[in-house]
Amino acid sequence: MYSNVIGTITSGKRKVYLLSLLLIGFWDCVTCHGSPVDICIAKPRDIPMNPMCIYRSPEKKATEDEGSEQKIPEATNRRVWELSKANSRFATTFYQHLADSKNDNDNIFLSPLSISTAFAMTKLGACNDTLQQLMEVFKFDTISEKTSDQIHFFFAKLNCRLYRKANKSSKLVSANRLFGDKSLTFNETYQDISELVYGAKLQPLDFKENAEQSRAAINKWVSNKTEGRITDVIPPEAINELTVLVLVNTIYFKGLWKSKFSPENTRKELFYKADGESCSASMMYQEGKFRYRRVAEGTQVLELPFKGDDITMVLILPKPEKSLAKVEKELTPEVLQEWLDELEEMMLVVHMPRFRIEDGFSLKEQLQDMGLVDLFSPEKSKLPGIVAEGRDDLYVSDAFHKAFLEVNEEGSEAAASTAVVIAGRSLNPNRVTFKANRPFLVFIREVPLNTIIFMGRVANPCVK
């Protein structure tokens, strides 16, 4: 599973591109001012977080679940837990804005964590209203910390929790890179924090004289990191002599089901789309014990674990009489958490389509609707902390996200047989059935922190 965000920070004359995608990388010990610092065991006092500007919250922002009992995972920093919850709030809000702009028959897939990380890296260089809007839109201001600079420390700790797993049966890794124009001197503090917190080293390129070669170099780096899954992520003419910086955040996940679907049980069945039309999908099948619950208005919630149990796929399937669009509009982080808390293990018959989703879209319109206005404005954007000497003519001209998900009998991104055989299915009328033969929501989450890594909807699994 991959997710990719490309954005452009531009000035009156120069641009900065933001790329957030899902690919392969590692979180390691980095060097800051000559001293090796392992970000995963460091204390706040060990890490100098001194961006050019700091946003100070006037008061703690009330949240929907304030006052309720918080079940914070063992050995988890409270602020890291709150950052994970902030990501969930951004995820559901952004998804609703995106779904409103799409046709009900369109598949959707994205990584809210990837998007948040890319814009957190941008926030390092932001000031004034631009910084405040980034804090508010990405829900960073809901964290019980009065200053914006500490968000980066908590991001580092969250990354350590997510990406430094000993489990070898599922792979969740991340990489970041800054590609900067070689003619410019970048703010030293911006570079230091980007590398220390996000592992994003600066690689100089010649955007001014060799824009096309620079584009090819970045695309090649992305292709290599994704094992060739994502190519030409930056389209022709997207980089030119005005480009200043390309920021790349990447996340990649590959997992095998804890309980695999047998290819011999896969057969063609009708999938009923939102518009009333149907298509022929390869429907997988298995019986087993899974965490499941029928919740409000007959909506079914099913959790399928990957090997290792730390990462799971959650499917939300409305009853046939209720549209998925209605569920999407009603979904909040609190509702989702309530549903997950109610799941119970039981014997289940699962019918689920084999599918592959590739999605790509601009983030600009949805983020502007959510209140991130100044960052995209040549007149209002304040990003003086990126280039040396406080240059203040940069803005984000656009931001794009690309994502990829493939699910089959083996799990995610695994090679599997293409044989379709009608055999091996049992009929047990006493067991609960989860049959995803109509549009459903999909989440991939890290269980202990309930971090939403990916989310989307499967509206048409028949798309090639």
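Backbone N, Cα and C define each Cβ position, glycine as well.
Among the features that Swiss-Prot reports, heparin binding site is placed at Trp81, Arg161, Arg177, with the record citing similarity to another entry.
All protein chains included, Cys40 (disulfide bond) registers 15 other Cβ atoms within 10 Å of its own Cβ. Residues annotated as disulfide bond in Swiss-Prot, with similarity to another entry given as evidence: Cys40-Cys160 (among others).
The Cβ neighbour count for Cys127 (disulfide bond), using a 10 Å radius and every protein chain shown, is 19. Under the heading disulfide bond, Swiss-Prot lists Cys53-Cys127 (among others).
A sphere of 10 angstroms centred on the C-beta of Cys279 (disulfide bond) encloses 13 other C-beta atoms. If you look up Swiss-Prot, you'll see Cys279-Cys462 (among others) marked as disulfide bond, on the strength of similarity to another entry.
Taken from Swiss-Prot, the feature N-linked glycosylation site applies to Asn128 (among others). Cβ neighbour count for Asn128 (N-linked glycosylation site): 15 (other Cβ atoms within 10 Å of its Cβ, all protein chains included).
As annotated by Swiss-Prot, N-linked glycosylation site applies to Asn167 (among others), with the evidence given as sequence analysis.
The Cβ of Asn187 (N-linked glycosylation site) lies under 8 Å from the Cβ of Met52, Gly125, Gly385, Ile386, Val387, Ala388, each of these being in the same chain and 6 or more residues away along the sequence. Taken from Swiss-Prot, the feature N-linked glycosylation site covers Asn187 (among others).
Within the same chain, no residue at least six positions away from Asn224 (N-linked glycosylation site) has a Cβ under 8 Å of its Cβ. Swiss-Prot lists Asn224 (among others) with the feature N-linked glycosylation site, giving sequence analysis as the kind of evidence.
What Swiss-Prot lists as phosphothreonine is Thr63, and the listing cites similarity to another entry.
Positions annotated as phosphoserine by Swiss-Prot: Ser68.
Sequence annotations record features per position, and here Swiss-Prot assigns signal peptide to 1-32.
In sequence order, Cys53 are the recorded positions from Cys40, Cys53, Trp81 with a C-alpha within 10 Å of the C-alpha of Asn128 (N-linked glycosylation site). The two recorded residues, Cys53 (disulfide bond) and Arg177 (heparin binding site), have Cα atoms 22 Å apart. Spanning the listed heparin site, residues Trp81, Arg161, Arg177 have a farthest Cα to Cα distance of 26 Å. When the Cα atoms are compared, Cys279 (disulfide bond) and Arg161 (heparin binding site) turn out to be 41 Å apart. Neighbours of Arg161 (heparin binding site) among the disulfide-bonded residues Cys40, Cys127, Cys462, defined as a Cα within 10 Å of its Cα, are Cys40. A distance of 22 Å separates the Cα atom of Cys127 (disulfide bond) from that of Arg177 (heparin binding site). Here the Cβ of Arg177 (heparin binding site) has 22 other Cβ atoms within 10 Å, regardless of which shown protein chain they belong to.
Taking the Cα of Cys40 (disulfide bond) as the reference point, the closest of the recorded positions Trp81, Arg177, Cys462 is Trp81.
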